[in-house]
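Below is one structure, written out as structure tokens; comments come after it.
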Amino acid sequence: MSVVNFYGQLSNTQQFDQIRINIASPEQVRSWSFGEVIKPETINYRTFKPEKDGLFCARIFGPVKDYECLCGKYKRMKNRGITCEKCGVEVTVSRVRRERMGHIELAAPVAHIWFLKSLPSRISTLLDMTMRDIEKILYFENYVVVDPGLSILQKGELLTEEELQKAKDKYGEDAFTASIGAEVVQQMLKELDFPTLKQELYEELQNTTSEVKKKKLVKRLKLVEDFLESENKPEWMIMNVLPVMPPELRPLVMLDGGRFATSDLNELYRRVINRNNRLKKLIESKAPDIIVRNEKRMLQEAVDALFDNGRRGRAAKNANKRPFKSLSDMLKGKQGRFRQNLLGKRVDYSGRSVIVVGPELKLHQCGLPKKMALELFKPFIYSKLELYGIATTIKAAKRMVEAEKPEVWDVLEEVIREHPVLLNRAPTLHRLGIQAFEPLLIEGKAIQLHPLVCAAFNADFDGDQMAVHIPLSIEAQLEARVFMMSTNNILSPANGRPIIVPDKDIVLGLYYLTLAFDHEVGEGMMFSDLTEMEHALYNKFITIHTKIKYRRNQLNAEGKIVPVIVDTTYGRLMVGELLPSNPNIEYKFINKPLTKKDISLVIDLVYRHCGQKATVIFADQLMKLGFKYACSSGISFGMDDMVVPKSKIVHIDETQLEIKEFEQQYSNGLITYGEKYNKVIDAWSRCTDRVANDMMKEIAKPPVSDDSNQQKINSIYMMAISGARGSFQQIKQLGGMRGLMTKSNGQIIPIPIIANFKEGLTVFECFNSANGMRKGQIDTALKTASSGYLTRKLVDVAQDCIITEKDCNTDKGIEVKSIIEGGEVIAPLAEMILGRTAAINIYHPVTNDLILTKGELINESKLEQIESAGLDRIMIKSVLTCESSTGICAICYGRDLATGSLVSEGEAIGVIAAQSIGEPGTQLTMRTFHIGGAATKGAEVSSVEASYDAKVKILSRNVVINSEERKIVMSRNCELLLLDNNGNEKAHSKIPYGARLLVDEGDMVTKTQKLAEWDPYTIPIITEKSGKVLFKDMVEGISVRDVTDEATGIPSKVIIESKQYSRGAELRPRIQLLDAKGEIIMLSNGLEARYYLPVGAVLSVEDGVQISVGDIIARIPKESTTTKDITGGLPRVAELFEARRPKDHAVIAEIDGRVEFGKDYKSKRRIIINPVDGSMGLEYMVPKGKHVVVNEGDFVKKGDLLIDGNPVLQDILKVMGVELLASYIVKEVQAVYRLQGVKIDDKHIEVIIRQMLQKVEITDSGGTTLLVGEKIDRREFDEINEKAIKNGLRPADAQLILQGITKSSLQTRSFISAASFQETTRVLTEAAIAGKVDKLRGLKENVIVGRLVPAGTGFFMDKMRKVAAKLDEENA
């Protein structure tokens, strides 16, 4: 027995390592066939036997019954292999009817529709004709000149019937050859001489300058090369013989009423056979040409319908006007072969039922109803009954089980012991949606689930159902126990935080238990023993909330027990007793009212320091304690617990006064409608927050009462603050005010709902709020699908990302630093580098001690060292820079978040990344409607405050002092840094153009001091010189318009789009500043003082007035506010991963230099950047309506925005490189999720980005056979270049290209994976022509061909098989 077979699968499947797809030649089709199908008949409707030579013929396809010929002469096994001389049927198993094929010899050649119609059409590309022309030839509309002979006609020219006749008259019958139909196309394809054609095309490509022609030639050349490499013949795209599928795969079944249900394929095949037979007869009887031609066309159409119904012309329909399901439809889409049967199979040994809560279960257990267990474990029970001699045969055992005899239950108990079962809750959005448990037999019909795993399954008990699956083989049981047991899945793979965390009532119980109240009975007593305390509690000398002192034994760092006196309560000590003893887990972590966050932190600590077993026991005990006290605390709430603050009326009155003022300003024309709208929204947002804060303060206060029985703390407050249920958002609506509502388009209605639910809403308010609620409901319905689709695309693009080796030994890495926005640290450095590996040796900046060596994992203890060293940026390894030839190496990936240690080889990190990004998306779309449409938008940021006591440093400081002696920022990229005493950066903020600076360089500031302020709703245009205003190119009604506000009647001048007027095209509205002599003033940068005004700018000055430095001459209103929620977010995530161009995208400066405005061109503005060194400048043409954020003479850096908006990802890649592109995508995606409080580790997003950057575009082919403009896999490109260098040729040059995830999935190296994703026919057509080989490296293709996936345990089996094969070769 060879070593290979030792590791082979048990079934006798063929051993293969790769799969190749090709175009089938007619000879191949005939060799597959077991006979020709001549008749269109299926079965005889009287005898129900298949007709001879028909579509179900037993002679061709095999016997209908096992080991029995059709006429019944030969029966049973003994005659196996004999062919009956009477009916011609071979005596064998009927299973062969699933694999034996037939064929139809076509009377006329027929084009394969995939190669004709699947874009780009391969036949037309090869023949260099348009697809329309080829169709005209194939469908007998036009003739084509094959050989011009003596005429002046061109080869390949099309002629209609009349034109042909004229040409014949003109040149004579035999002067030239013209023909029609598939025969002529086949002949033309046959005549192609590929080597010569390749040479010609290559030369033409070198000589042509036209870009369009180049593209066309590259496409054609690529196709010719594909044919040459794959050894396919082009004439095979036209078929002379048609394969017939095995009959069992297109069955004909009898229904109850004697009618038959048949597969559509039979109907389609019948049409082909009918037309083919008719055509044969017509040709034999020498029918007129026109009739034969018509029949040939009909045959072509019948074959088209069989292969891809509806691709060309009208689809063939059945009697009920439904289109027939063709072969292509069998493969395509969710119901196709790939996704329905190969990637998703129905599973035997499974059951499903409703779930109920099982609080008395241990974490590794689940309750399984006896009835279900009996059914699921039947085979095991049978064998045990037989083994113990309780039943003599399997049949007897079966009867015993059906009768439910008492012994059966005893055997079931034994069978079930330590046999894990898998529980799955749909939708399975991440890998924690399927976990293994040990079953406990229970009465009833519902499955019992442990409360702590609900978060992972996202399960609740309002009628959810779950499925049970039984792992049968010992290996499957082992894997279930080792990898999938609920006790082994404590941490979430998305972020490495514990996912087995108490929730809801457990949290409430623990919070209540750990509360401490003043003036409780027995305050200040001292205890040294828990039993003594229990005694005191029992006799009512203390309560669980009494503040007491207690002597507690604690482990110190050396591991010795030290007694410590702690101020605590009995309740907290009960939690303390559960803590495992470890010096790192101090009592202080639980010596406070425990909220959900605190409990999560403690569980995390226990896991990190005491391991998994201790964590599981601790979590289980916590749960029991929490439930007990949630029950005995008797927490509930009534109407009176919702407190409406007294200050509410005051705040509302104040805000209404404020709004009156805005209305007044608007009436006076000081602000536009948009500005007023924004200010009103802001005012109401602030008011709502104030009311909510006051309400919170009142709720948090203990009730003032002498009644000792009254609860000391408000129940609603307790639920919210502990994180058990409800958010402050919701409480605000119960007792504060509901606040602003959103319209269905995301806009905020500027009239708030002043009432809360306790007071009740007025009819008008109720109507207003219905709008938002409906939005929530609709969002949930519509967005769930798009989120699921995003997850599918992500899984598809990343499915072949597997950890294949320990270390790729690269020196590359990426630099990370903490993300600071608006002076606030949003993502601290520690969070970003935990669980990653160092790319270089890292030293302490002061003492120069080595903190981390290259390739070392950064764990919690190393983090502390890095933080104490004050390092603010670090080089870490990343999957983006990993240089493994296949897959990714463990060192570049870092920690496996689900285990907390270095990732192991064979881990399918791509799928985990996709699930981690996709799962919260689905969750968040469902979360919208819980808040009920209340607008969740904070007031706009209009100032920046110091977050520390620090020293100010200002970068790009360019300031003017205006007439009010205020410092106005004139720089577009001014940044304000706060430095500590060592000069390390503590915070930095961008200060927008036009802001008032309240501090200056070198000032010392204190925490919360205001540093700068600005108007968040407009972008001002400010003068830096004083002078007289002169309007230029402002033509009333063409480039500027007096807009009179309907509500106020006050006019203001607004710049409008002028390109629709003939004389407006040249206008460039601007304001110039003149000095006393009437000459134009020069600015400090040597340019004239002229300010170009974009469309939509509102003028703040009149023509001819005198203005001073720092005055606003115009303002550009910003968009009015809409709410921010994940709906805005999910499409944004999809946009980033699909690498789409954003709608109003920014333009990025590609070089450093000074800005100059050139001459406009039609409706575009010309922006020129002139480098400082005087080399050639770069021009950008931007639409006039866009807001240009730079002014003439500004200095811009590479990567700065010239126009507002989201930058195009491809531009970032081109200008700033891979590292900055990656950090931009990571930052943007994280911003969406962070807004919803969802934590995802950066490395997951990086894995997806790596997959988007797989391809390069050839810019120079060097000495290789690559073509310029060809897109090819990065690794393939490196391999080709290595070969070229070895052979002494010049290597090719290429640039990295970014592809969206859909495109990336479709261009993956595996055609099986791509075909099962989308556009199945296109992918298969392309693969067949190129004769592609699938190496079966990814997960998907292995699932499809029915093998173990090369990840996890399968990775090692794969490795062993390869080693074994090598040994076999050596031994041979």
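Placed from the backbone N, Cα and C atoms, the Cβ positions cover glycine too.
Record features (Swiss-Prot):
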type: BINDING; residues: Cys69, Cys71, Cys84, Cys87; note: Zn(2+) 1 binding site
type: BINDING; residues: Asp460, Asp462, Asp464; note: Mg(2+) binding site
type: BINDING; residues: Cys808, Cys882, Cys889, Cys892; note: Zn(2+) 2 binding site
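Mapped onto this structure are the features recorded in Swiss-Prot.
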{"residue": "Cys69", "record": "Zn(2+) 1 binding site", "contacts (Cβ under 8 Å, 6+ apart)": "Ala58, Pro63, Lys75, Cys84, Lys86, Cys87, Val89, Glu90, Val91"}
{"residue": "Cys71", "record": "Zn(2+) 1 binding site", "contacts (Cβ under 8 Å, 6+ apart)": "Cys84, Lys86, Cys87, Val89"}
{"residue": "Asp462", "record": "Mg(2+) binding site", "contacts (Cβ under 8 Å, 6+ apart)": "none"}
{"residue": "Asp464", "record": "Mg(2+) binding site", "contacts (Cβ under 8 Å, 6+ apart)": "Val354, Ile355, Arg425"}
{"residue": "Cys808", "record": "Zn(2+) 2 binding site", "contacts (Cβ under 8 Å, 6+ apart)": "Cys882, Glu883, Ser884, Cys889, Ile891, Cys892"}
Which has the fewest other Cβ atoms within 10 Å: Cys84, Cys87, Cys882, Cys889, Cys892, the binding-site residues listed?
Cys87
Reduced to three states, what secondary structure does DSSP give Cys71 (Zn(2+) 1 binding site)?
coil
Helix, strand or coil at Cys892 (Zn(2+) 2 binding site), per DSSP?
helix
For the recorded Zn(2+) 2 site formed by Cys808, Cys882, Cys889, Cys892, name the remaining residues of the chain with Cβ within 8 Å of the site's Cβ center, in chain order.
Glu805, Asp807, Thr810, Lys877, Val879, Thr881, Glu883, Ser884, Ile888, Ala890, Ile891, Tyr893
From the centroid of the CB atoms of Asp460, Asp462, Asp464, the recorded Mg(2+) site, which same-chain residues not already listed sit within 8 A by their CB, in sequence order?
Ile355, Ala459, Phe461, Gly463
For Asp460 (Mg(2+) binding site), which residues of its chain lie six or more apart in sequence with Cβ-Cβ distance below 8 Å?
Cys454
Other than Cys69, Cys71, Cys84, Cys87, which residues of the chain come within 8 Å of the Zn(2+) 1 site, judged by Cβ distance to the Cβ centroid of those residues?
Ala58, Leu70, Gly72, Lys73, Tyr74, Lys86, Gly88, Val89
